[in-house]
Amino acid sequence: MPPVFYVDPESAAAGQVARWERAQRASDAAALRRISTRPTARWLVGGSDAVGDEVAEYLTGASRAGQTPVLVTHNLPQRDCGRQWYGGAESAEAYQAWIRELASGVRGRPVTVILEPGAVPDAVDKCVDDVDGRLALLRDAVTVLKSTGSARVYLDAGHPGWVKDTTELAAVLRRAGVAEADGFALNVANFVGTTENVTYGHRISDALGGAATFVIDTSRNGNGAHPARTVRGAPSWCNPPGRALGAEPTAETGLDRVDALLWIKYPGESDGACRPGEPEIGVWWPEYALGLAERATT
């Protein structure tokens, strides 16, 4: 049977719903339940040597619920090429140790892993110092995670507005180990509509031989991407106004070669302090989350 993805009862949205209920904000709390009652991904971004324990505890909660959790790794050295995210593991060796510690927490339980958002497209763009080294780390991570015997692993491949040459992108995905993985992921933390991502994914899959499958992040793509390149002096990919929650997470997509629609970016977490008053990247922003929920049509 297709997996049922994990709804974290201790999510930021769940906590916000409880606070708003206590504050007599019943309509806002009801709207935000569109997020708190849906499966979302857990991001692992480094900063802890105990990532294996963190993963084990999270997977235990999912197992008790009879659900499959979704994890995102985002800890490669030189991650994000100096954009909003910064840092990552200090060295290749540190990253390999971190991935192995993470994998130790899986313990044979089902999990879906989205591997290193932006890493492959950044390698295509050659914005990293050592492309070959980066791809070797991704191959190693795929091997380690697949060796758990229960992890489904998807290499991030960007979105339709990023790498236009899908033949080149497919070639880099091969070097990153996509053949050993379960497929690739699209639209992570972006807003591009599902139909455009399906078309783009088919082009990548065809370039890989036609059998590769993929997942799509629909967490915030209900209204598609913002039509302008910039909004109030900042890139339109960063906290754009007027966006909405997209299709609910499911492994029963009815779409050719699409394994799942997922909420990979947590709806309501900031993309960064791109404009005055906006929270730093990854910080929960209840007002933005409420807007996404109120504009949702699914």
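Keep in mind that glycine also has a Cβ here, set from the backbone N, Cα and C atoms.
Quick look at what TrEMBL lists:
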- Asp271: active site, proton acceptor (ACT_SITE)
- Trp43, His159, Trp162, Asn190, Trp237, Lys265, Glu269: substrate binding site (BINDING)
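Overlay of TrEMBL feature records on the structure.
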residue : record                       : DSSP class
Trp43   : substrate binding site       : strand
His159  : substrate binding site       : coil
Asn190  : substrate binding site       : coil
Trp237  : substrate binding site       : coil
Lys265  : substrate binding site       : coil
Asp271  : active site, proton acceptor : coil
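When the Cα atoms are compared, the residue listed as 'active site, proton acceptor' and Trp237 (substrate binding site) turn out to be 8 Å apart.
The binding-site residues Trp43, Trp162, Trp237 differ in how many other CB atoms lie within 10 Å of their CB, and the one with the most is Trp237.
The most crowded of the recorded positions listed here (Glu269, Asp271) is Asp271, judged by how many other CB atoms sit within 10 Å of its own CB.
Sequence-distant neighbours of His159 (substrate binding site) (same chain, 6+ residues apart, CB-CB distance under 8 A): Leu186, Asn187, Val188, Asn190, Val192, Asn197, Tyr200. Within 10 Å of the Cβ of Lys265 (substrate binding site) there are 23 other Cβ atoms, across all protein chains.
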